[in-house]
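Feature annotations, reproduced from TrEMBL:
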- ASP157: active site, charge relay system (ACT_SITE)
- HIS230: active site, charge relay system (ACT_SITE)
- SER563: active site, charge relay system (ACT_SITE)
- 37-121: domain 'Inhibitor I9' (DOMAIN)
- 149-604: domain 'Peptidase S8/S53' (DOMAIN)
- 389-478: domain 'PA' (DOMAIN)
- 678-776: domain 'Subtilisin-like protease fibronectin type-III' (DOMAIN)
Amino acid sequence: MSKIPITPIEKMSYILTSFLLLTSITLCANAQLIKKTYIIQMDKSAMPNTFSNHLDWYSSKVQSVVSNSVEAEMDYEERIIYTYQTAFHGLAAKLSQEETEKLEAEDGVLAIFPDTKYELHTTRSPTFLGLEPLHRSTNNIGSNKLVDHDVIVGVLDTGIWPESESFNDTGLRAVPSHWKGACETGRGFTKSHCNKKIVGARIFYHGYEAAAGKFDEQTEYKSPRDQDGHGTHTAATVAGSPVHGANLQGYAYGTARGMAPGARIAAYKVCWSGGCFSSDILSAVDKAVADGVNVLSISLGGGVSSYYHDSLSVAAFGAMERGVFVSCSAGNAGPEPVTLTNVSPWITTVGASTMDRDFPAYVKLGNGANVTGVSLYKGRNKLSAKKQYPLIYMGSNSTSPDPRSLCLEGTLDPKRVSGKIVICDRGISPRVQKGQVVKNAGGLGMVLTNTAANGEELVADCHLIPAVAIGEKKGKELKDYVLTSRKATANLAFLNTRLGIRPSPVVAAFSSRGPNFLTLEILKPDVVAPGVNILAAWSGAIGPSSLTTDHRRVKFNILSGTSMSCPHVSGIAALLKSKHPEWSPAAIKSALMTTAYVHDNTIKPLRDASTAESSTPYDHGAGHINPSRALDPGLVYDIEPKDYFEFLCTQKLTQTQLAVFGKYSNRSCTHSLASPGDLNYPAISVVFPEQKSISVLTSHRTATNVGPPVSKYHVVVSPFKGASLKVVPDTLNFTRKYQKLSYKIIFIAKSRPAEPEFGGMVWKDGVHKVRSPIVITYMAPI
């Protein structure tokens, strides 16, 4: 039988069809192998009794579908990138299409969702605070609504790194005409480093040199340039320009922006390698007020002394007189009580809280258990995912402190540590330095365990070696495992960034606590704001761990502390000042306090990270800041400088001591305040004295209407066990804007509980909720 000849066109068509068919088959095969991220919802109640925890069960499910895959040799636990345990139960894992189809048939699997891409708008705190809509509506570059461009924030810190993209001035209008500051020059800092974003930069060092001697100008910048990183971070948090793609080695990827991205920054360098001195700080505040700043952000503290004996307090009083809002960090001495700094009532004292973002990591133990922690490690010294490494703890079960368990410099024996993962207790030395000590001794990794002082609070660090931080309870279990097992082993795994953490916010364990022992009637801190794992701009002169041995250089860094929460409030204050330029510093503080919230994203009372129990006003003050509500608070409690002076008159100061408070030095006390608790403060704190005969106390307040001209407010007061409260009048009828109406709160003691009682009072008009925390303290009767 003869063959039918094939024409050239038919031949070409055949070849093309075969090629397309083979390509299609290859693509289909590759599609089965390509791994994507999927979210797997699990039926929590379906976990078999053979598993001790859900993570092990989730891991087994993933293992069951990857064991026969082409890449079975890959550790299946590396596939799991998240686990969910609260509102959503399940995990997120990297799977191929074939593996996903297999997993769908497994018992206990409710649903599988492909990971959907969302556009990143922020590194988190502006979105967490609800600022994104405000930024879009009022801060668009080129918009005519850039009212916050006229607000200048003075940042007292370690200087500024001007090359950071966070200080780009593209689109900003001319420098405000009221600005009288200067751009001082020095090594590494010229006039050109100031722009329409960094409108001024000054240095203050004479006090430092007087105390510590002249510093080496070759090793330290005697100029506004920031060698430490702290000042750059706080300045960018206040008013940094938007920077897309900001991250720390891949962590917290998004768009970084300050709280008031259109505001201007004036950098006042008051801190050097040997510390910050009050004389320099006082000079900087004085100069900043003269320069024309509207807000001062001061993430510094030096203990507590009498109002008249605290130079920062005195300087802040002068700034307040000139209409400058002053916010300061509360300190990082928590969770011990009575550890606050910067407690003057004319200063806004800011504590720290968490956000709904975390950086999960975990310790995989040789006994099959997994301990969850946090970390920002991402380096070359990676541990093999397929191996287990010897785990060692140099301490013991004894309660006596052991320098070796703290991994202090020179305490680790290389012969015992080399090639192992070392457990280090938190305390005394910096967290990242402990990792360096382990590395120097030949250790391969570190598990940093909290002690009772830190509880379950986890702070992520950019370590130089693989390291995971874990809580106190899990730390004890881990150490027991090591001390009771001959061959304890572990590995460390890092899961990058996770959002939607619940509960949040939580009051940070390190955040300093009240009460304010100088004046119990002035409740401190005032508010809490994000201060844990905050991403912002960084200095190019130092690595992210701040260790001299760290040669990495990053544009952004993640830090924790009330130093980070303070600039959040400073930036929000700048936004309020831009919208309400006529408001006094006290009115701005009132708006921040009376609109703060006291419940987390699970609709439960704010919690304390150190105890996992509900926090109190001694921990969180009036609550967590709520910027969108603060812009329209309805009512404010205003305070004039003379009112603060009258408050000082209740503090039994001499005329000489009163004289330090500026223009009122020659003023005699009129005693218009019956007690310090009568200061028109947004928070209410009363103290029943020891005398049982005094069973009735009265506090007075005056509210100013900044909402609709015609407004009617009704009051709601929470009940107290030890006292009954009555507000007179219980209704406020306003007929015009800025009208002031007064009321009084009558406290009648019924019993005298040993501990303070906490509650609140809310004025409502159907739109606004103006809340004041209330604290009642009962002194032990004589």
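Yeah, the Cβs are placed from backbone N, Cα and C, and that goes for glycine too.
In the shown protein chains, 24 other C-beta atoms lie within 10 A of the C-beta of HIS230 (active site, charge relay system). Looking only at the domain 'PA' (389-478), the predicted model's pLDDT averages out at 90. Residue counts for the domain 'Subtilisin-like protease fibronectin type-III' (678-776) under DSSP, helix first, then strand, then coil, are 1 helix, 58 strand, 40 coil.
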